[in-house]
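First up is the structure itself, then whatever we jot down about it.
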There are 4 protein chains.
Amino acid sequence: MPLSPDQQAEIDAQRAQSQPTLRATSPGIEAQLYRAHPVLDHGFVRVIDYMGDDAAITQAARVSYGRGTKSVQNDEGLIRYLMRHWHSTPFEMCELKLHVKLPVFVARQWIRHRTANVNEYSARYSVLDREFYIPAPEHLAAQSSINNQGRGATLEGDEAARVLETLKADSDRAYDHYEQMMGQEGQQGLARELARMNLPANVYTQWYWKVDLHNLFHFLRLRADPHAQYEIRVYAEVICDLVRDWVPLAYAAFEEYRLGAAQLSATGVQVVRRMLAGEEVTQETSGLTKREWAELMGVIG
Amino acid sequence: MPLSPDQQAEIDAQRAQSQPTLRATSPGIEAQLYRAHPVLDHGFVRVIDYMGDDAAITQAARVSYGRGTKSVQNDEGLIRYLMRHWHSTPFEMCELKLHVKLPVFVARQWIRHRTANVNEYSARYSVLDREFYIPAPEHLAAQSSINNQGRGATLEGDEAARVLETLKADSDRAYDHYEQMMGQEGQQGLARELARMNLPANVYTQWYWKVDLHNLFHFLRLRADPHAQYEIRVYAEVICDLVRDWVPLAYAAFEEYRLGAAQLSATGVQVVRRMLAGEEVTQETSGLTKREWAELMGVIG
Amino acid sequence: MPLSPDQQAEIDAQRAQSQPTLRATSPGIEAQLYRAHPVLDHGFVRVIDYMGDDAAITQAARVSYGRGTKSVQNDEGLIRYLMRHWHSTPFEMCELKLHVKLPVFVARQWIRHRTANVNEYSARYSVLDREFYIPAPEHLAAQSSINNQGRGATLEGDEAARVLETLKADSDRAYDHYEQMMGQEGQQGLARELARMNLPANVYTQWYWKVDLHNLFHFLRLRADPHAQYEIRVYAEVICDLVRDWVPLAYAAFEEYRLGAAQLSATGVQVVRRMLAGEEVTQETSGLTKREWAELMGVIG
Amino acid sequence: MPLSPDQQAEIDAQRAQSQPTLRATSPGIEAQLYRAHPVLDHGFVRVIDYMGDDAAITQAARVSYGRGTKSVQNDEGLIRYLMRHWHSTPFEMCELKLHVKLPVFVARQWIRHRTANVNEYSARYSVLDREFYIPAPEHLAAQSSINNQGRGATLEGDEAARVLETLKADSDRAYDHYEQMMGQEGQQGLARELARMNLPANVYTQWYWKVDLHNLFHFLRLRADPHAQYEIRVYAEVICDLVRDWVPLAYAAFEEYRLGAAQLSATGVQVVRRMLAGEEVTQETSGLTKREWAELMGVIG
């Protein structure tokens with residue numbers, strides 16, 4: 001359970017206070033506001049605030065004076081057109097603010113997306129909690145033998161047990177020593193900004209993360225992808241569900257033209273044309289490397 | 001009057017529709033939503049949407065679970081501390097979306113602030129209105145004789161009349177020709193994306209502009225400054241009033257630590273110290289150039 | 001001729017001064033440094049400086065200590081892999097600085113690419129030259145009847161002549177009045193920052209523009225595209241040639257995986273699969289709109 | 001010693017290869033290219049590449065055709081003017097690329113500066129080295145009792161010894177287990193992307209980091225400040241020296257108007273004016289809080 005009773009009470013209190021507003025609202029995401037959606041063993045994603053809805057995208061694209069009398073079909077068609085033709089600025093007119101609790105090694109991947117606003121819990125100023133990510137046994141994966149940057153089969157038997165035991169014991173010991181070094185009974189107590197360096201990368205941190213919809217889609221396309229590391233992908237998948245609740249038309253366009261879409265290289269286009277013209281094309285005659293051929297077959301096979 | 005009856009009706013319709021929300025709301029800015037605040041002769045600023053309030057700043061700085069039981073004084077103190085010590089990320093957690101109508105030459109200055117989202121009315125796709133900025137006589141200024149990048153005295157008499165006449169006549173003629181070139185009666189009609197090139201820089205354009213509070217303050221510090229060109233400064237001043245309505249504590253801190261603050265150079269600090277120690281310091285003995293000395297006297301004089 | 005003799009002499013002087021450097025150099029782009037490549041009737045693109053070469057991309061991707069003993073083939077393979085899999089950060093490690101002279105309406109499109117550094121010639125501070133873009137007759141296009149945002153056939157006969165005459169006369173008159181309003185003989189002289197507003201959007205401006213290779217590729221993909229307006233596309237095409245000279249391996253990968261590549265939507269992928277499986281697919285049975293069907297046929301037709 | 005003989009050889013090889021270039025060069029920074037400047041116990045800063053010099057700043061500000069015949073004094077005066085009046089874009093026209101080796105907890109602070117390009121050594125793809133930051137005894141500081149985010153006195157005697165022993169032992173054990181978990185003798189071997197999570201935040205990572213001069217100055221102002229954590233400040237100080245070698249005029253202006261400058265709040269300005277007018281002002285009558293009063297006294301005291 002990632003939340004303490006006090007934290008849950010604060011969330012409940014916020015969900016109990018409704019205010020009138022003249023702004024655009026999205027009922028789907030209002031229903032999710034402030035709730036903690038669990039991710040991994042101690043993490044979560046919470047929606048703290050949002051700006052705009054599907055109509056806000058078309059309103060900006062049209063530089064409108066009002067919400068417009070245009071129909072939903074018109075909005076849908078325009079949103080699909082904008083997504084298909086890489087018009088990014090109308091999607092930037094929606095904004096999402098999340099509170100995320102996540103292991104440090106996931107945070108380090110996440111922060112590489114620079115076009116977002118971040119406030120992270122400060123371990124210079126405050127003491128971190130004793131919370132560490134320990135993978136579920138089914139996610140304890142061996143190094144891939146074919147991909148330097150990936151996972152292979154799940155670890156089995158004794159090896160899995162040894163790894164889990166090591167991760168748990170090292171995390172616990174590191175935290176014990178973290179506390180001992182900072183302790184002020186009978187000693188001065190090491191500065192927090194130094195003591196934190198003893199904590200391993202599976203310790204949990206948390207932050208407020210705010211991003212516009214265009215850049216969020218870019219993040220999701222890379223991080224909800226099967227090639228992304230499992231531990232960040234699960235966050236991306238939870239956020240995908242939240243975005244679908246928030247801006248359903250934009251999310252559907254994102255699925256059609258980004259998540260489920262495929263990119264063909266210039267040579268790949270020629271291969272498809274030759275195949276459709278009835279030619280028997282093989283990797284050798286394709287002009288593609290083996291790896292690219294395999295990728296193309298993954299798309300059109 | 002910058003708005004047509006249809007446009008005003010669309011605005012009124014939006015102001016008539018209140019929805020419940022669980023999000024943070026700011027009553028001061030709700031009262032301004034959608035209304036057109038006139039600027040110059042045909043321009044305006046309208047608030048289309050906002051995210052966050054004063055408490056959202058401290059909530060992000062603390063990475064809080066709830067709105068918190070902290071008092072307003074605490075919020076105020078923390079906001080002032082954050083502003084004073086150049087903590088920018090908590091202010092990035094608030095966001096404002098504006099609809100602005102402005103002359104093209106003002107838009108060209110404005111767009112140099114890159115950390116914002118923009119959707120501009122497209123003159124490739126649509127026809128611009130016959131609206132041009134013609135300065136009020138009291139803002140028709142001569143070139144400054146001491147500042148290459150500034151204005152001097154107001155133009156007088158015949159000269160002022162000639163300039164106004166020229167600006168009006170050229171604007172009108174340019175627009176007449178713009179329409180004639182695009183016209184399709186008895187001719188093919190020039191493409192809009194080409195015809196627009198005949199329009200002068202005082203023609204009005206409009207855009208949706210969305211920005212976070214930190215970057216908005218940066219914009220306002222530069223553009224609400226007396227050295228900014230009058231025609232952009234009046235927009236900045238209207239936005240200052242709107243931000244005061246929206247996040248009064250943050251705006252007060254901005255006035256104290258940015259708008260009303262002064263920067264002393266390393267040498268300037270020494271000059272003040274010497275003066276306070278009783279020394280008679282002159283420009284010659286100050287180590288400052290004449291220009292810097294004048295600037296320092298402007299601060300402490 | 002876009003350059004005055006003085007300007008040409010300054011360029012020649014810079015090309016005559018060679019210095020030794022320990023940095024990575026690219027002979028292909030050294031040969032182009034400072035030269036003005038003409039674009040449109042008065043515009044140009046000049047390379048002022050560059051950072052990095054093809055090897056700098058792989059060096060950054062590998063976080064190397066040296067230039068490496070890796071072969072050119074390895075570099076090429078890695079660059080293609082990075083481009084194909086949307087790894088953007090290694091391409092950000094190269095940087096290009098250009099001096100561009102361009103009509104204001106082109107500059108207004110260009111500046112929408114925000115991830116670049118810009119210093120524009122200031123018309124508050126200085127007087128602009130009497131240089132206006134007047135399209136060549138073959139680029140004087142009618143409004144497209146099928147695309148709101150595009151061009152159709154070339155204007156013919158009298159209409160073309162009338163348009164050219166109008167553009168020239170209005171430009172000249174606007175500049176005459178610009179000078180007259182600023183003139184200080186027998187009058188105060190209007191401030192430059194105001195007088196400039198009388199100049200139409202086909203007047204030339206110039207700027208220094210600095211951008212990293214990843215963001216430059218993004219710019220080129222959008223602006224060297226057939227859908228881009230002709231007057232910005234010709235700038236993009238000149239820059240494409242310069243980038244090919246500078247980083248030939250990266251540019252080849254860009255052509256293969258971006259410029260010449262095609263994006264298939266999720267439904268589009270299914271259509272191709274069905275066709276390759278021998279099914280007769282029509283627009284009606286494809287699940288695509290007419291417009292999307294036409295776009296798909298444009299790719300695989 | 002942060003470098004292996006192989007690494008040093010690669011650096012020497014790069015320093016041995018000089019090429020002619022037509023670009024602007026800076027002799028001061030050429031002398032530093034590729035060399036590793038040691039920081040902390042295993043870290044370093046290396047300059048990999050640079051774009052521009054002092055003259056490139058004024059050249060961009062003037063949108064020049066040549067290097068110009070302007071004197072060095074003119075360049076210096078203009079650079080100081082630009083810095084004093086917050087003109088940021090000319091400084092963005094210079095760019096620096098560094099290779100930095102640094103502890104992970106320092107990297108996590110550093111990366112919060114988003115306006116830079118980064119390629120980090122990937123612990124998903126590669127195995128990290130057994131290198132951990134262990135503070136020198138004189139930098140082993142206690143928590144400050146007056147500043148939640150700072151350090152107090154140096155730890156003494158047994159406590160210091162205990163802390164060092166703990167940090168060393170935990171680092172070593174974490175690395176032993178990291179290797180054991182990944183080992184493939186007699187077991188499958190945990191994926192690198194998972195095993196890395198056992199490594200503490202004092203493990204060293206490395207990256208290529210590229211930034212323009214304006215944003216670098218912003219970074220240095222915050223991180224070379226006495227309030228910055230010691231372990232990042234030492235990196236900033238080394239970079240300050242390198243920037244001084246590279247663009248001496250710009251660096252001098254940075255020292256005068258940023259590093260050594262002081263900001264007075266609106267109220268602080270009034271206090272100084274009252275003092276200079278002979279009034280005896282105390283904290284109580286100043287309108288400043290105790291903390292602000294202390295800060296002001298620190299400036300003018």
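Note that Cβ sites are derived from N, Cα and C of the backbone, with glycine treated the same way.
All TrEMBL annotations are machine predictions without curation.
In this view, D:Arg223 (active site, involved in ionization of N3 of dUMP, leading to its activation) is surrounded by 22 other Cβ atoms within 10 Å of its Cβ, with every protein chain counted. TrEMBL lists D:Arg223 with the feature active site, involved in ionization of N3 of dUMP, leading to its activation.
In the three-state DSSP scheme, D:Glu120 (FAD binding site) is classed as strand. The FAD binding site annotation in TrEMBL covers D:Thr89, D:Arg112, D:His113, D:Arg114, D:Glu120, D:Asp212, D:Leu213, D:His214, D:His218.
When secondary structure is read from DSSP and collapsed to three states, D:Arg223 (active site, involved in ionization of N3 of dUMP, leading to its activation) falls in the helix class. Per TrEMBL, dUMP binding site is recorded for D:Gln109, D:Trp110, D:Ile111, D:Arg112, D:Glu120, D:Tyr121, D:Ser122, D:Ala123, D:Arg124, D:Arg196, D:Arg223.
Residues or ranges marked as region 'Disordered' by TrEMBL: D:1-23.
When Cβ-Cβ distances below 8 Å are used as the criterion, the region 'Disordered' (D:1-23) is approached by residues 33-36, 38, 42-44, 46, 51, 101 of the same chain, each at least six residues removed from its ends.
Nearest by CA distance to D:His113 (FAD binding site), out of the recorded positions D:Ser122, D:Arg124, D:Arg223, is D:Arg223. Contacting chain C by the Cβ rule (under 8 Å between Cβ atoms), the binding-site residues D:Thr89, D:Gln109, D:Glu120, D:Arg124, D:Leu213, D:His218 reduce to D:Thr89, D:Glu120. Of all Cα pairs drawn from D:Gln109, D:Trp110, D:Ile111, D:Arg112, D:Glu120, D:Tyr121, D:Ser122, D:Ala123, D:Arg124, D:Arg196, D:Arg223, which the record names as binding dUMP, the longest spans 29 Å. Its own atom aside, the Cβ of D:Ile111 (dUMP binding site) has 18 Cβ atoms within 10 angstroms in the protein chains shown. For the region 'Disordered' (D:1-23), the number of residues in each DSSP class (helix H, G, I; strand E, B; coil) is 11 helix, 3 strand, 9 coil. For D:His218 (FAD binding site), the same-chain residues lying six or more positions away in sequence with a CB closer than 8 A to its CB are D:His113.
The full span of the recorded FAD binding residues, D:Thr89, D:Arg112, D:His113, D:Arg114, D:Glu120, D:Asp212, D:Leu213, D:His214, D:His218, taken as their largest Cα to Cα distance, is 27 Å.
Every protein chain considered, the tally of other Cβ atoms within 10 Å of the Cβ of D:Ser122 (dUMP binding site) stands at 18. Listed recorded positions: D:His113, D:His218, D:Arg223. Those with a CB under 8 Å from a CB in chain A: none. Comparing CA positions across the recorded positions D:Gln109, D:Ser122, D:Arg223, the one lying closest to D:Thr89 (FAD binding site) turns out to be D:Arg223. The two recorded residues, D:Gln109 (dUMP binding site) and D:Arg223 (active site, involved in ionization of N3 of dUMP, leading to its activation), have Cα atoms 10 Å apart.
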